[in-house]
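Single-structure report; data block below.
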Amino acid sequence: DLILLDLKMPELDGYALLEQLARLSDPGHFLPVIVLTADPSRSARHRALGLGAKDFLTKPLDTFEVALRVWNVAETTVLFKRLRALAAPDAAPPG
């Protein structure tokens with residue numbers, strides 16, 4: 001699972017959605033959010049990352065860079081799931 005999120009949306013802005021995701025997410029579930037925005041300001045970057053975004057990209061987007069960052073987050077998700085499985089009380093020892 002991965003969310004690509006624009007901060008400027010018509011009904012609910014991206015910051016509000018990040019706040020809702022933080023409130024509603026199960027602590028044991030890794031749901032990465034990559035923010036895509038036209039706002040290059042440091043305050044926007046700090047706010048989004050502070051609210052839980054895992055990455056922050058500014059428009060205009062470089063499609064190759066977006067693909068690499070999505071790949072990196074996907075790898076992190078796989079590693080998170082493996083670590084969680086190893087930490088489970090009934091997990092068999094790796095072998």
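A Cβ is built for glycine as well, from the same backbone N, Cα and C atoms used for every other residue.
Here is what TrEMBL says about this protein:
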- 1-74: domain 'Response regulatory' (DOMAIN)
- Asp6: 4-aspartylphosphate (MOD_RES)
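Take the CB of Asp6 (4-aspartylphosphate) and look out to 10 A: across all protein chains shown you find 14 other CB atoms. Per-residue confidence over the domain 'Response regulatory' (1-74) averages 95 (mean pLDDT, predicted model). Applying DSSP to the domain 'Response regulatory' (1-74) sorts its residues as follows: 32 helix, 13 strand, 29 coil.
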